[in-house]
Amino acid sequence: MSKYTHHHAAVFLMTFLSYAFFHATRKTFSNVKSTISDEWSPSYHNNTVNYTKPDQIWNTRHLFNSRKDAEPYLGILDAVFMISYAVGLYISGMIGDRLNMRLVLSFGMCSSAITVLVFGVVFEWIHFYNKYVYVIVWILNGLLQSTGWPTVVAIMGNWFGRYSRGLVLGLWSACASVGNIIGAFLVSGVLDYGYDYAFLLTSSVLFAGGVINFFGLVSTPNEIGLSLPDKDTVVHPKEYSVVVNEGEPREQLSDEEYSSNHLFNDRETVDEDAPLLSSPKPLPVSPQTGDRPTAIGFCSALCLPGVALYALAYACLKLVNYSFFFWLPYYLHNKYGWKETVADDISIWYDVGGIIGGTLFGFVSDRFQHRSVIVIPMLLLGIPALFTYNSDLSQTLTMNGILMAVVGFFIGGVANLVSAAISADLGKQGPVQGNSEALATVTGIVDGTGSVGAAIGQILVPVIQDGLGWKSVFYLFMLMTLLTALCILPLFIREVKDLCKQSRMKAKLSRFKGLSVSNERAGGSENEDTDQLFN
């Protein structure tokens, strides 16, 4: 499909906003951590009173003895969310390939919105505070939120072809960063009224988006009579067969004549006026499978070329990316003493850098038709960017925002490219080319493995920060960025060899064309030039 229609624009916008709303609800919790830790800790009447009696009356929200004691628990909530989110991604990917992705996405958005509402609003309004119930509800939220990413990436992969996928999905992958920005603005606008209003606002937006998707989203072009974008170049073996012009029909020839013509293409029986290839004819479809291709299994998807390496790489990279997502406002508030709303606004610049980086890297990788040759250099440049941001240069608001945007450009931009465009490439390659029922499973594997790394990071960050300080946390980030590059290194080497081979072939073809032109002018023989070129 060479031209985009208004359906493409509608799908792009609806899936973009869907995942942006998912991220806005996640950003809510990270942006209200300081407020929640205050609410869950004892609050005295004034600085001269150190203890109030009876304690159960004056401190009904007393979950922790101090704000510092609340930090590990906040990290636990982040960790259990990411673990359940990772497990859910593996499951949701396979569910999305087997069920209608529009229904899966709508259900995930509406049910997740209700869960967030219960966690942040209902429990606060009825004054119910329990550590274990909070953990259970947040685990459920992680499972429900996992329905979002595999389905929206699969829907986008169904609508946009391979040769524009880097630019389109690079731009589209900014949905997570835009969601973070939306969440930060929504939270900062109502946080002064209480953290429960922040959860109320973002969960309402998410629920409304789920309802809109249920009635308006089209998950694949086939639903409205359009063809898949890569259908012109790739045909799925289970859906179509190609009939070669072999002259007389089978029923008009004897078995001996048919065998001879079929194997050796006897020119005497071939209709030279007929086209070489006839129109593709759909193969019979069994009533058990319907007209959908067979969905790929988990192990088969994991064994696809590059999936395991990129999944491990994304586990390391998502640890860094999501640590910024969960802890950046808290870090700015505690290290520099900036007001929480100011810290929320400054943290937006990380996402701005990620939007620019993801779009630019996708565009450049489309030109090269290779992804790893772009990913590795950007990751290596991200290490000095992290070191500089952790230095004294980021003391002021302006410099902090600039350096944060640079870190987001390299770290967040590569993370956006891996999670969207590269995942779509992996789910549309080789053995599963043309099979629209494999993309969500592959995306779930890559993002699910990444979420396992992110979950480990949410446990490590508060522990390392409490024992060694924030500098050691950033050293961890640099190490994980380096490990990300090492995981992709075999693919990088292979792609560099491919590019060098292509460059040599182009040079030979260019030389051959030049010799051909010279020989035509001199009246020489083309065959002699060809022998001269390749001998």
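Just so you know, glycine gets a Cβ as well, placed from its N, Cα and C.
Curation does not apply to TrEMBL; its annotations are automatic.
The transmembrane segment annotation in TrEMBL covers 7-24, 73-91, 103-126, 132-155, 167-191, 197-218, 307-328, 348-365, 372-389, 401-426, 438-461, 473-493. According to TrEMBL, the feature domain 'Major facilitator superfamily (MFS) profile' maps to 11-496.
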Do the transmembrane segment (473-493) and the transmembrane segment (197-218) come together with 3 or more C-beta pairs under 8 Å, pairs six or more apart in sequence?
no
Contact between the transmembrane segment (438-461) and the transmembrane segment (167-191) (at least 3 Cβ pairs under 8 Å, separation 6+):
no
Would you mind listing the long-range same-chain contacts of the transmembrane segment (73-91), meaning Cβ under 8 Å and 6+ residues beyond its ends?
29-30, 33, 36-37, 63-64, 131, 134-135, 138-147, 149-150, 298, 322, 326, 444-445, 447-452, 454-456, 458-459, 461-463
Can at least 3 Cβ pairs under 8 A be found between the transmembrane segment (348-365) and the transmembrane segment (167-191), with each pair 6 or more apart in sequence?
yes
Relative to the transmembrane segment (7-24), which of 103-126, 167-191, 197-218, 372-389 accounts for the most Cβ pairs at distances under 8 Å?
167-191
Beyond the flanks of the transmembrane segment (197-218) by 6 or more, those residues with Cβ under 8 Å of it:
7, 10-11, 14-15, 17-18, 21-22, 24-25, 27-28, 31-32, 102-103, 105-110, 112-114, 116-117, 119-121, 155, 183, 186-187, 189-191, 224
